[in-house]
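Taken from Swiss-Prot as is:
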- Asn69, Met98, Tyr127, His163, Ser185, Arg186, Gly187, Asp226, Ala227, Cys228, Arg229, Glu265, Tyr292: substrate binding site (BINDING)
- His269, His333: Zn(2+) binding site (BINDING)
- Cys409, Cys412, Cys416: [4Fe-4S] cluster binding site (BINDING)
Amino acid sequence: MNYTTQMDAAKKGIITKEMQVVAEKEGINIETLMNLMAEGKIVIPANKNHKSISAEGVGQGLKTKINVNLGISKDCANIELELEKVKKAIDMNAESIMDLSNYGKTYDFRKRLVEVSTAMIGTVPMYDVVGFYDKELKDITVDEFFDVVEKHAKDGVDFVTIHAGLNRETIETFRRNKRLTNIVSRGGSLLFAWMELNNRENPFYEYFDRLLDICEKYDLTLSLGDACRPGSIADATDAVQIKELITLGELTKRAWERNVQVIIEGPGHMAMNEIEANVLLEKKLCHGAPFYVLGPIVTDIAPGYDHITSAIGGAMAASYGADFLCYVTPAEHLRLPNLEDVREGIVATKIAAHAADIAKGISGARDIDNKMSDARKRLDWDEMFSLAIDSEKAIRYRKESTPEHKDSCTMCGKMCSIRNMNKILEGKDINLLRED
């Protein structure tokens with residue numbers, strides 16, 4: 001190959017096979033795609049060692065993508081169940097899967113995930129350091145942090161979340177500005193603890209070029225994590241969050257100089273009226289890099305329903321320009337999600353992403369809605385089911401409450417507006433009280 005990374009290829013005017021796949025999926029001119037990749041406004045996460053991937057693009061002018069989180073924990077270490085979730089995510093056309101395993105030797109699951117997943121794969125290496133070395137957090141060395149990142153890269157993951165923006169300056173801002181929920185990022189809180197226990201700078205910030213060496217070697221996309229994302233609507237858009245975002249913008253430019261692709265991670269918990277400003281801030285401060293939002297969750301009072309609170313925030317964020325939505329399941333804040341939670345989270349997030357694509361004017365986004373509306377006008381139930389984002393549920397609901405007349409449902413029966421308009425416009429009687 002005459003290039004090191006997808007970004008390097010784009011800058012050199014080299015069309016990669018991954019670019020060809022993305023251009024075809026998106027219906028975008030490949031030269032336009034390549035130019036936006038060269039500017040860092042679109043990324044194609046595709047590790048050189050992930051052979052089963054069907055490449056996806058994330059960024060400006062492309063369809064909004066969704067990510068599914070899964071992985072083993074100490075309390076739920078069933079690898080086979082997590083692989084069932086992987087299959088469910090792929091079957092439901094999720095573009096990304098993040099393995100957030102944080103217990104034991106995570107290699108076995110990660111290896112199998114890379115073998116079977118056509119979706120791009122992300123990880124948070126910070127979760128793995130304690131289990132990998134079987135050492136307490138405070139005893140982990142700088143070399144060991146980077147060795148784990150390289151291990152994940154070598155295994156074939158396409159992007160890694162690294163909380164490089166949590167430096168000593170950001171921590172000082174955190175200390176000066178009281179928060180209701182402190183630091184809620186799991187990786188961020190672990191890094192904060194390591195820095196405090198060792199009185200050291202964040203190694204991923206201090207030795208950022210070493211991180212870029214790994215990313216360049218494997219064409220590993222860098223997802224710059226927001227350690228200080230708000231964990232409550234009270235903490236949204238505060239000085240700590242913005243301080244870290246400014247740092248992430250500076251690191252983005254350094255990564256681009258090395259042809260390393262970058263995604264910026266964002267909030268978090270946030271009231272609806274703050275979402276548009278946050279998307280604008282990310283795009284300005286991080287120079288148009290793709291924005292990956294974790295929700296946003298728009299109210300803090302809905303445990304058990306946070307797939308809904310996040311779908312509201314995600315639809316808004318993506319409509320304003322966010323590019324990548326992390327799903328949230330009904331189990332958020334309560335437990336590890338089961339298979340049904342995963343399904344519900346995917347459906348809610350896909351609805352949010354699609355609704356945003358319509359609002360953004362993504363080419364062809366409305367086509368399936370128009371097909372659905374036409375099928376409804378014709379009362380073609382089979383076609384409606386085939387077009388539904390969750391066909392299984394639509395079919396089940398229809399079967400659970402069967403109408404007397406096939407050209408209606410049990411909500412309206414013969415008073416169905418579509419049925420009656422069709423008949424009247426065809427010059428027929430609607431016969432509400434007697435048989436047709």
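Note: Cβ is positioned from N, Cα and C throughout, glycine not excepted.
Neighbour counts of Cβ atoms within 10 Å were compared across the binding-site residues Ala227, Cys412; the minimum falls on Cys412. For Tyr127 (substrate binding site), the same-chain residues lying six or more positions away in sequence with a CB closer than 8 A to its CB are Leu100, Ser101, Asn102, Thr106, Arg186, Gly187, Leu190. Rounded to a whole number, the distance between the Cα atoms of His269 (Zn(2+) binding site) and Cys416 ([4Fe-4S] cluster binding site) is 41 Å. The binding-site residues Asn69, Ala227, Arg229, His269, Tyr292, His333 include none with a CA atom within 10 A of the CA of Cys409 ([4Fe-4S] cluster binding site).
Considering only the binding-site residues Ala227, Arg229, Tyr292, Cys412, His269 (Zn(2+) binding site) has Arg229 as its nearest partner by CA-CA distance. Taking every pair among Asn69, Met98, Tyr127, His163, Ser185, Arg186, Gly187, Asp226, Ala227, Cys228, Arg229, Glu265, Tyr292, the residues recorded as binding substrate, the greatest CA to CA distance is 20 Å.
Taking only the Cα positions, the spacing between Tyr292 (substrate binding site) and His333 (Zn(2+) binding site) is 20 angstrom. Same-chain neighbours of the [4Fe-4S] cluster site beyond Cys409, Cys412, Cys416, judged by a C-beta within 8 angstroms of the site's C-beta center, are, in sequence order, Pro403, Ser408, Thr410, Met411, Gly413, Lys414, Met415, Ser417, Ile418, Arg419.
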